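For reference, the structure discussed in these notes is given below.
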Amino acid sequence: MSFNSVHEHQQRRARPRSDSQGSDPDAQLQYAYDGDSPSDAGRSFHTPGQGSDEEDETVEERTVERPVKLNYVLKFTLHGHKGGVAAVKISPDGKWIASCSADATIKIWDVSTGELSQTLEGHLAGISTISWSPDSKYLASGSDDKIIRLWVISTGKSLPTPLVGHHNYVYSLAFSPKGNMIVSGSYDEAVFLWDVRTARLMRSLPAHSDPVSGTDFVRDGTLIASCSSDGLIRIWDTITGQCLKTLVHEDNAAVTSVRFSPNGKMVLAATLDSSIRLWDYVNGRCLKTYQGHQNQKYSINATFGTYGDGTVVLWDVNSKEVLQTLQGHDGVVLGVDVGLEDQTIATCGIDGTIKVWKRASLP
């Protein structure tokens, strides 16, 4: 299937049209150096340290040491996909990199050597999204064939019963922190919650009025965030399926990606009006807006800034300072992920390559 632009499908994250290669910047999110305090965000939105009258709330609620600059160096460039690489994910144990592509394959790479370990085949169309289980033993994949497959990494085989229920392209996936559930978002405008053990649909949320472009679990698994090109960000109760909060900016721009902050107290969302917004979802307040990049076509599910010329920009959320710019891809960068203890960054793009960056000491 050829790449499609937002003008055709409003937000095809995995496959921007190939004739746009290198011509338009990608979406941008910020690299957040957040505190590690545990999230108590539950169904009543009681999060530690948050009060309704805090007007100058920042990402951090206690002092943490943040680097003034970063120094990631390119270690590997991985080749093998026959199409643009839509997403890249480093396993939670830091050993593997998974990549998925418009060529309908998933490739598993060794982080330490850059060698290809295995190629997973089974989808009948391009793959837009992948997600590792917390124990790194399984990988979930969502495809234009409307199916979600669960892969056993030790065997390279998919489980016999795929997750079937979406009526259109699957755009977004996330495992719950315990690994017992998967949340998925689709072009069919729905958010589905799945039981991993039984491969059954637990709950269908009529979430949005346009394609769902992003989904995420809060770190304790009690909440789900979803976003869409309808301009809305919704926060859901995992147990009841109730929509607890709807966030919408006055500009109502299409939202391309959403992530809970590491401590679970806020969400960060990128939009097609070239903005990134940090939200206090408890009180429904937009705390900060980051601008200065361009984004009119693509979305990226990552906490980094990327541009159409192949660069990746690492930002400090609080100061908006650029910590480092990574250069190397030929054209739009479609995916970024950070590995164990921030030692590895993996990037992928429309050029069909995956690049692996290792953190080094500052010169």
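The backbone N, Cα and C atoms fix where each Cβ goes, glycine too.
Remember, TrEMBL labels are computer predictions, not curated facts.
What TrEMBL lists as compositional bias 'Basic and acidic residues' is 1-11.
What TrEMBL lists as domain 'WDR5-like beta-propeller' is 77-358. Mean pLDDT across the domain 'WDR5-like beta-propeller' (77-358) comes to 90 in this model.
What TrEMBL records for 1-64 is region 'Disordered'.
Taken from TrEMBL, the feature repeat 'WD' covers 78-119 (among others).
Among residues of the same chain six or more beyond the repeat 'WD' (120-161), those with a C-beta under 8 A of the stretch's C-beta atoms are 1, 12-15, 83, 86-87, 89-93, 95-96, 98-108, 167-175, 177-179, 182, 184, 186, 194, 196, 199, 301. As annotated by TrEMBL, repeat 'WD' applies to 120-161 (among others).
Annotated repeat 'WD' per TrEMBL: 163-204 (among others), in sequence order. Residues in the repeat 'WD' (163-204) partition by DSSP class (helix H, G, I; strand E, B; coil) as 0 helix, 24 strand, 18 coil.
The annotation repeat 'WD' is assigned in TrEMBL to 205-246 (among others).
The feature repeat 'WD' is assigned by TrEMBL to 248-289 (among others).
Per TrEMBL, the feature repeat 'WD' maps to 326-363 (among others).
When the repeat 'WD' (248-289) is classified with DSSP, helix, strand and coil residues number 0 helix, 22 strand, 20 coil.
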